[in-house]
Amino acid sequence: MDHAIAVDDLVVVRGKRTVLHNLNCTVPRGSVTGLLGPSGSGKTTLMRCVVGVQKIKSGTVTVLGQPAGSPALRRNVGYLTQAPSVYADLTVRENARYFASLYGIGHRQADQSIIDVGLREAADQLVSTLSGGQHARASLACALLSKPDLLVLDEPTVGQDPVLRNDLWQQFHALAAEGTTLLVSSHVMDEAGRCERLILIREGRVVADDTPAAVRAATGTDDLEEAFLRLVLAQQKHQKVVA
Amino acid sequence: MSARITLFTTARILRQLRHDPRTIGLLLVVPTLLLTLMRYVFDSQPAIFDRVGVIMLGVFPFIAMFLITSVAMLRERTTGTLERLLTTPMHKLDLLFGYGLAFALAAAAQAAVAAGLGYALLDLNTSGSAWAVAGLAIGNAVLGMAIGLLVSAFASSEFQAVQFMPAFVLPQMLLCGLIWPRDQMAGWLEKLSNVMPMTYAVDALIEVSRHADPTRTMWRDVAVVVGCIVVALLLGAATLRRRTA
């Protein structure tokens, strides 16, 4: 299968701590892949490797057939950082139009992106006056507007109300249906079921890399939270045996 | 590099300034107030005001742009917008030139207001033209911006960034010939002042205040200042890393 992202034997060390241990995983093109794991498991670090802003110790990350961070990829990869990264002293519209201008995209598409994330009414509000959820969506609008081939979204739905969250997930799937590949991180297991593929990580190691159905089948439970727990326990037992 | 992205970035930075009218007010009013203060401090010695006033016209934009740039750049780093920008088609130099152009424009406005008031109301006299003084003031602003951008890389909080002002700028102000002629200082201080960019920025202004036409010394000073700007910008670009730990 053709992969949008292929991570091979990736090791990342931050300070004295090894954050990712010989990590391997792949993300198929045109899918919504969930990157799930508890806080501190290495999700953000892995995403930073994919967009090419993380120093890596060893291993390779190939994105759309090129080494992660290649200049040619900057036009084709959209990145939403976990903390909203938009200018607080600009309005939502000014932010969106500025980020659009970096890709040579016009005002109409920037404004559409604002509507897509449900900020039509707040478009002319300064970002500093927005609620936390709105602030995060302003940042999301700036990631979506360039219509990249690959979208790397670090916890895009955190703090959003359930109706909006549902709406955002529908948009993610609509984008995937048009051929966009999405890598979406979350630490909330109830979002795992919304993905076509799951990469479960814990302490910098992949616990599972499969479809939700396969994860459920392998662990014998319908509850993905429970499935994750069983996978972790099984892995720990395995590690003890090996040791 | 793209002129289009650079200009959009300049527009974005100026838009941020526009949403902050108090900063604009401070930028325009504070130098004017301080210049007025100087005028009446040297009330009985107009010749001294002519000398110090013209230097102040160059030093204000340097300090203001140093402070504004170092804090603005620090914000880009800490809020994640810098990381985001570096994942877009933007070139690092687009960002640096975008800042340079935006703050040069702000400095031009600042210099126009302060110099206009100085010449029109405060009886400031220079042998050289007011345009040369304004041009040098803008050059000083760009120098302050370039150095501010560079030192912001070494600050991890706004508290630290603000304190780089006294650390980097005050020694240059003390040694640049503003408060005492450099050739009358201790020899080692004069040598030290020879390697400080502000020395040349101030020297150029002194030349303009004394001579009706541009002198060779003034052009040498301008060349040194331009050189310092280029070096600071290149070093600044080196601190903008796409990949970080």
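The backbone N, Cα and C atoms fix where each Cβ goes, glycine too.
According to TrEMBL, the domain 'ABC transmembrane type-2' annotation covers B:18-243. Residues or ranges marked as transmembrane segment in TrEMBL: B:21-42, B:54-74, B:95-122, B:128-154, B:161-180, B:222-240.
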Contact set, same chain, for the transmembrane segment (B:21-42): CB under 8 Å, 6 or more residues outside the stretch: 48-49, 52-53, 56-57, 60-61, 64, 68, 106, 109-110, 113-114, 117-118, 122-124
Residues from the same chain, set at least six apart from the ends of the transmembrane segment (B:128-154), whose C-beta lies under 8 A from its own: 54, 57-71, 73-74, 77, 96, 99-100, 103-104, 106-108, 110-112, 114-115, 119, 160-161, 164, 168-169, 197-198, 201, 204-205, 207-214, 222, 225-226, 228-229, 232-233, 235-236, 239-240
Beyond the flanks of the transmembrane segment (B:161-180) by at least 6 residues, Cβ under 8 Å: 52, 55-56, 59, 62-63, 66-67, 70-71, 74, 144, 147-148, 151-152, 154-155, 189, 192-193, 196-199, 201-203, 206
